[in-house]
Amino acid sequence: MAIVYCCIAKGHIILADVSLRGGDFQGTALNLIRPSPMGPLSRDSFQRGSFNYHTLFNNGITYVCATEKNMDFLTAYRFLDEICKIFVKSPLINKVTFAHPFELSADLNQVLGQNMADYSAKPSSGKLDAVQEQVNDVKNILSDNLNKVLERGERLNDLIDKTDDLQATAETFQKTSTRIARKMWWKNKKMLAIVVVIVIIIIIIIILLATNVIPT
């Protein structure tokens, strides 16, 4: 299980590469490198001939490695992540924009070769580290989610208190409205009774006048 080739490229310009086997690794890598200078972080794997090729695209830079088929993908991606971290933290990252092909090889070849050897010799360690990192990521996500739940809980308590206050206000308003409605109903009934009495009196007067009971 070995990493036999590695390169760092911007577009189709290979900035540095290391090959531990004979073969046209550069040509194959160039065919796999994303031409777009920008885009989201992405990982891809391809089978070409007797080797698996793995790519990591991050902030316009493509990191490529070729491995024997019996090396697991997780170890290969861990290797590319490590190379990416090293390169991004180094001053060489500032030379990328105007760098010529293989201009950074002299500065990076030793680092690339050493990491290739390390990850080839201890793939299981890399896998264990990756699993541990994933566990840590899950723990961080759970912690963030718990904090959000607690924050929501506090906001929920505030909302419940406000709801209780609103409900109490609504009940008071309903009782007041009922009392007012009853008063208005009785008032209307009284007014109606008065109007009926007045109408009856007027009718009686008209009848009395018509029958000459009351002289006109």
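Count begins at 1; order follows the chain as displayed.
Note: Cβ is positioned from N, Cα and C throughout, glycine not excepted.
The domain 'Longin' (7-112) scores a mean pLDDT of 89 in the predicted structure. If you look up TrEMBL, you'll see 7-112 marked as domain 'Longin'.
Annotation comment: TrEMBL describes 127-187 as domain 'V-SNARE coiled-coil homology'.
Per TrEMBL, the feature transmembrane segment maps to 192-214.
The helix, strand and coil residue counts that DSSP assigns across the domain 'Longin' (7-112) are 38 helix, 34 strand, 34 coil.
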